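Lifted from TrEMBL, the feature list:
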- 29-105: domain 'Cystatin' (DOMAIN)
- 1-19: signal peptide (SIGNAL)
C-alpha cells in the first residue's frame with residue numbers, strides 16, 4: 001500500500017509539473033537525460049539494490065530555484081526481468097549538486 005501511495009504521489013507531481021509554464025518534455029535519446037537516468041539507478045543501488053540501467057522512456061524537467069528537477073520513467077533490469085521505475089533527480093551543475101530525491105517501481 002505504501003509503494004502504491006508513493007507512485008501515486010510521483011505521478012501527481014509529474015502531471016502537475018507538466019501543466020506548469022516551467023516544465024519541458026524530455027527527449028529520451030538526449031545523452032544528458034540518459035546520464036540522469038543512469039545516475040538515478042546507481043544512487044538507488046547504493047541502498048543495496050542491484051539494478052542495471054537500460055533506458056529512459058519519458059519524462060519532464062522543471063527549473064526551480066534549487067536547480068532542475070528531472071522526473072523520469074526509466075527501465076532497468078534486475079538481471080532477469082526488465083521493469084519500469086519512476087525517478088526524480090535534482091540537478092544543479094553550477095553548485096555541483098545532483099541528488100536522487102525519489103525512486104520507485106511502477107506496478108503494471
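Counting begins at 1 with the first residue displayed.
Cβ from N, Cα, C; glycine included.
Keep in mind that TrEMBL annotations are predicted by a computer and have not been checked by a curator.
Here the domain 'Cystatin' (29-105) has, by DSSP, the following mix of helix, strand and coil residues: 18 helix, 44 strand, 15 coil. Per-residue confidence over the domain 'Cystatin' (29-105) averages 96 (mean pLDDT, predicted model).
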